[in-house]
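Asker: What TrEMBL shows for this protein is this:
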type: REGION; residues: 28-60; note: region 'Disordered'
type: COMPBIAS; residues: 49-59; note: compositional bias 'Acidic residues'
type: DOMAIN; residues: 101-273; note: domain 'Yip1'
type: TRANSMEM; residues: 120-141; note: transmembrane segment
type: TRANSMEM; residues: 161-185; note: transmembrane segment
type: TRANSMEM; residues: 197-222; note: transmembrane segment
type: TRANSMEM; residues: 228-250; note: transmembrane segment
type: TRANSMEM; residues: 257-281; note: transmembrane segment
Amino acid sequence: MAAADDLKFQEFDDAANLLAANPDATTISIDEPVEIPKNQHSRQQEPGREEDDELLGTDDSDKTELLAGQKKSAPFWTFEYYQTFFDVDTYQVLDRIKGSVFPVPGKNFVRLYIRSNPDLYGPFWICATLVFTIAVSGNLSNFFIHLGKPTYHYVPEFRKVSIAATTIYAYAWLVPLALWGFLMWRNSKVMNIVSYSFLEIVCVYGYSLFIYIPTAILWIIPQKVVRWVLVVFSLCLSGSVLVMTFWPAVRDDNRRIALATVGTILLLHALLAVGCLAYFFDAPELDFPAPIIPAHNGTTVTTKSH
């Protein structure tokens, strides 16, 4: 049997003395962790992987997506479920508005701004602000067009508020709903298609409408050329956000179906802008009745206004 002294804990000397006693011994340092060379991971990446990461996101965005899904696990009939959709700070909303006004080519708006925390706060208030901006600016535009005519009396048209609200909110909810259903249907046909949630699509459409708020204010200028230039400019900015967001979702589908989908998205977006301009701002010339001035001899004289 081993001696009692051999079973006791002993204080060893440093590694140099141990190696001198036993040169064939293997030493492991527990103070210094083993480092994996960085170039080993980079060699395993495919050539175009970095560009795909920039467009579709990285592993960090996928992790935040899973965490967001775990966060929104409350039942849909509870107040906490809908409270999470408005859990966003001012800096996030401003960053998303800036991203919708100044889109970066090749950047996916959902992956870059929305996927970590999709919200309804920004889209709701953007739509509400756009409704009142279009209604008020439309009334002011009608006032400036007929300003100076002696037979014109300004009457505010409050019905434009309800019409604008119905149009804007129907577009911001029904079009994303139809697009989400279409993408889900195509996702069952094409397995590698990129999918978006309904909340993400509503968020994209809501923030893409922000550019129309300053555009509607500038539509007060009674010059048709200026108005149409503003329509084209705002449509190019907001339309590019939609194209760069939804083109990756349909590009792996049939070529004709992909082009038809993107074309329909742009067509509906253009119809919204042109329809609002035509109805709320391009008011038709009203044929006001000429005033009747009674004469001294009992007859009436009708004056024609120019």
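Glycine is treated like the rest: Cβ placed from N, Cα and C.
Whatever TrEMBL says is automated annotation, not expert-curated.
These numbers come from a predicted model, not from an experiment.
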Asker: Averaged over the whole of the domain 'Yip1' (101-273), what is the pLDDT?
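Answerer: Averaged over the domain 'Yip1' (101-273), per-residue pLDDT gives 89.
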Asker: Going along the chain, which residues at least six beyond the ends of the transmembrane segment (197-222) come within the CB cut-off of under 8 Å?
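Answerer: Counting only partners 6 or more residues beyond its ends, the transmembrane segment (197-222) has Cβ contacts under 8 Å with 85, 96-97, 99-101, 109-110, 113-115, 118-120, 122-124, 126-127, 129-130, 133-134, 137, 140-141, 144-145, 168, 171-173, 175-177, 179-180, 230-231, 233-234, 237-238, 241-242, 245, 269, 273, 276-277, 281.
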Asker: What residues in the same chain, six or more past the boundaries of the transmembrane segment (257-281), come closer than 8 Å to it by Cβ-Cβ distance?
Answerer: 134-135, 137-138, 141, 160, 163-164, 167, 171, 175, 179, 182, 186, 208, 212, 216, 219, 227-228, 231, 234-235, 238-239, 242-243, 246-247, 250-251
